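Presented below is the structure to which this report refers.
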């Protein structure tokens with residue numbers, strides 16, 4: 001009797017922790033989308049910015065996708081819990097095709113990692129071949145690389161669908177995380193590749209930064225650009241690699257981690273996506289100036305109106321004085 005009561009209490013606690021985890025995901029997703037939407041607005045505010053910062057724009061879109069994956073997974077799982085369908089068994093292929101969040105979970109990891117690598121490549125060219133970079137590294141080349149990166153991510157997701165179709169397996173519930181939707185092999189490769197991409201980006205950017213730190217040819221603006229990419233990749237190592245390792249270890253160990261612990265750890269993934277805005281603001285002068293221009297427009301218009309109305313008032317006062 002006591003054992004049955006303990007099991008019931010444990011199930012109740014897990015259910016409550018799962019609800020807390022879902023609500024935490026929703027809050028985290030909103031926290032990610034708001035600052036990244038501001039970044040997207042700034043990077044697409046002028047034609048010059050759209051062309052120069054196309055990789056940054058795609059990185060932001062990837063992080064917005066990551067934020068959406070948090071919101072969709074939180075809302076979707078809460079809906080299943082409320083309808084009491086959450087603990088119905090689900091096949092892996094059904095997870096990918098009948099729920100929205102698994103694909104967003106995949107893309108939310110793949111897109112930021114891929115464009116972090118491309119930003120690192122861009123920094124390597126800017127530092128190692130500055131003359132060629134200024135003349136030859138055009139918007140056209142960025143566009144073609146962006147298309148290739150998107151095709152690469154699309155191919156990865158097609159492979160995930162094929163794996164789930166050809167080697168389906170049944171899950172005891174409909175949490176439908178990456179591992180539950182694609183299988184332990186694909187999911188492990190997915191998480192390790194993402195973690196490894198941030199490690200590579202951080203290692204290369206760190207090497208470039210310390211090698212060129214004392215260079216007389218590297219101006220302040222270029223140094224700040226390097227610091228921004230270094231911060232983005234470094235934050236990725238800290239806040240993406242650790243959650244990925246936890247998720248992989250959780251699948252291979254005998255006993256699973258606590259439901260809430262996994263949720264809180266995974267939220268580090270979301271926090272990383274939300275830190276783009278402060279990095280851009282403090283280390284990219286052109287971003288900061290453009291942001292101020294956009295959001296000070298109303299204030300500027302009001303001050304211009306007051307300045308224009310001031311001479312009119314003075315003329316009116318002068319006429320009144322002359323008449324009297």
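Just so it is clear, glycine is given a Cβ too, placed from its N, Cα and C backbone atoms.
TrEMBL lists 24-43, 55-80, 100-121, 142-169, 189-210, 230-249, 261-283 with the feature transmembrane segment.
Outside the transmembrane segment (100-121), and at least 6 residues removed from its termini, the chain residues within Cβ reach (under 8 Å) are 55-56, 58-59, 61-63, 65-70, 72-73, 76, 145-146, 149, 152-153, 156-157, 160, 176-178, 181-182, 190-191, 193-194, 197-198, 200-201, 204-205, 229, 232-233, 236, 240, 269, 273. Beyond the ends of the transmembrane segment (261-283), by six or more residues, the same chain brings 17, 20-21, 24-25, 28-29, 31-32, 35-36, 38-39, 42, 56, 59-60, 63, 66-67, 70, 108-109, 112, 224-225, 227-228, 231-232, 235-236, 238-240, 242-244, 246-247, 250, 291 to within a C-beta distance below 8 angstroms of the stretch. Beyond its flanks by at least six residues, the transmembrane segment (230-249) meets 59, 109, 112-113, 116, 119-120, 177-179, 187-188, 191-192, 194-195, 198-199, 201-202, 205-206, 209, 257, 262, 265-266, 268-269, 271-272, 275-276, 279, 283 of its own chain at Cβ-Cβ distances under 8 Å.
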